[in-house]
Amino acid sequence: MINIPNSIRPFIRSANRTPCYLRSISSSSSSSFATPAEEHAGKQPSSAVPVKEFSIYRWNPDEPSKKPTLQTYSIDLKKCGPMVLDALIKIKNELDPTLTFRRSCREGICGSCAMNIDGVNTLACLKRINKETSAPVKIYPLPHMYIIKDLVPDMTHFYKQYKSIEPFLKNDNPPAQGEFLQSPEDRKKLDGMYECILCACCSTSCPSYWWNQDEYLGPAVLMQAYRWMADSRDSYGEDRKEKLQNTLSLYRCHTIFNCTKTCPKGLNPAKAISHIKREMASA
């Protein structure tokens, strides 16, 4: 779990590059084929909370003089889907159409709904609502990002960094006929990297990225850099390493491992970064 210290939590930057400080602020199922044990397991505990509060970060760029606040909404969980994104959609559709957030696939594939939920960077579509506690769900945008509105971070700089590593196959000697061939063993080397959906949960959980994101590429981009270095079809591995040979782009990683703990896809950016360091040290 990524706990954001009180001294850091209020410091979420707005899209105009000015720091913004937070003010204190039913589905039915058939049981005809179920065993008694299965039926008992499927019953909701009596302690389950039927109504849940969601405290959500709000900031409107059209009202620049108004400080960001936490706004609380109450949701009947019996009339809401199981995920935090379901609650956000319900709030927007039924309670407050001004609430702004990104979402698309609802299946953990696009990365659009990345946000900080109860102190952890994750995807709202994959985060289940905790029904066993009456504590409100606290939802913030990804930390230390410029905010466009409410839960929508400005991803411009993140994508610019991603573009800088040239995330595509580079080879000056294409095959005379057909496609590039790759052995199963070489293909397996890409597992755990190509699945990255660029949600930025890992990068925005990294203290080194918080303080050096103008120069340090961050876990997500560095893992993607290694994805292309490790690809047997790419012939620009040395060139890619050379571009990282400076004091900031790569070496600001201090192996804190927040990136690995928070990745909603279960990937290991820290491992990829360590591979880059090892290869560059042995070159």
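Using N, Cα and C of the backbone, Cβ positions are placed for all residues, glycine too.
This prediction places the mean pLDDT of the domain '2Fe-2S ferredoxin-type' (66-145) at 97. The annotation domain '2Fe-2S ferredoxin-type' is assigned in Swiss-Prot to 66-145.
Among the features that Swiss-Prot reports, [2Fe-2S] cluster binding site is placed at CYS105, CYS110, CYS113, CYS125. Counting every protein chain shown, the Cβ of CYS125 ([2Fe-2S] cluster binding site) has 25 other Cβ atoms within 10 Å. A coil conformation is recorded for CYS125 ([2Fe-2S] cluster binding site) in the three-state DSSP classification, outside any helix or strand.
Counting residue by residue with DSSP, the domain '4Fe-4S ferredoxin-type' (186-216) contains 12 helix, 0 strand, 19 coil. The domain '4Fe-4S ferredoxin-type' feature in Swiss-Prot is assigned to 186-216; the stated evidence is sequence analysis.
The number of other Cβ atoms within 10 Å of the Cβ belonging to CYS196 ([4Fe-4S] cluster binding site), over all protein chains shown, comes to 20. Annotated [4Fe-4S] cluster binding site per Swiss-Prot: CYS196, CYS199, CYS202, CYS263, in sequence order, evidence recorded as similarity to another entry.
Sequence annotations record features per position, and here Swiss-Prot assigns [3Fe-4S] cluster binding site to CYS206, CYS253, CYS259. The Cβ of CYS259 ([3Fe-4S] cluster binding site) has 31 other Cβ atoms within 10 Å, all protein chains considered.
The ubiquinone binding site annotation in Swiss-Prot covers TRP211. Note on TRP211 (ubiquinone binding site): other Cβ atoms within 10 Å of its Cβ, all shown chains, come to 11.
A distance of 12 Å separates the Cα atom of CYS253 ([3Fe-4S] cluster binding site) from that of TRP211 (ubiquinone binding site). Counting residues 6+ beyond its ends, the domain '4Fe-4S ferredoxin-type' (186-216) has Cβ neighbours under 8 Å at 2, 8, 108-112, 114, 121-123, 142-145, 153, 155, 157-159, 162, 223-224, 226-227, 230-232, 248-249, 252-254, 256, 258-265, 267-269, 271-272 in the same chain. The binding-site residues near CYS113 ([2Fe-2S] cluster binding site), taking a 10 angstroms Cα-Cα threshold over the set CYS199, CYS202, CYS263, are CYS199. Taking the binding-site residues CYS105, CYS110, CYS253, CYS263 in turn, the residue surrounded by the fewest other Cβ atoms inside 10 Å of its Cβ turns out to be CYS105. Annotation note: CYS259 ([3Fe-4S] cluster binding site) sits in a helical segment as assigned by DSSP. Residue density at CYS206 ([3Fe-4S] cluster binding site): 28 other Cβ atoms are found within 10 A of its Cβ, drawing on all protein chains shown.
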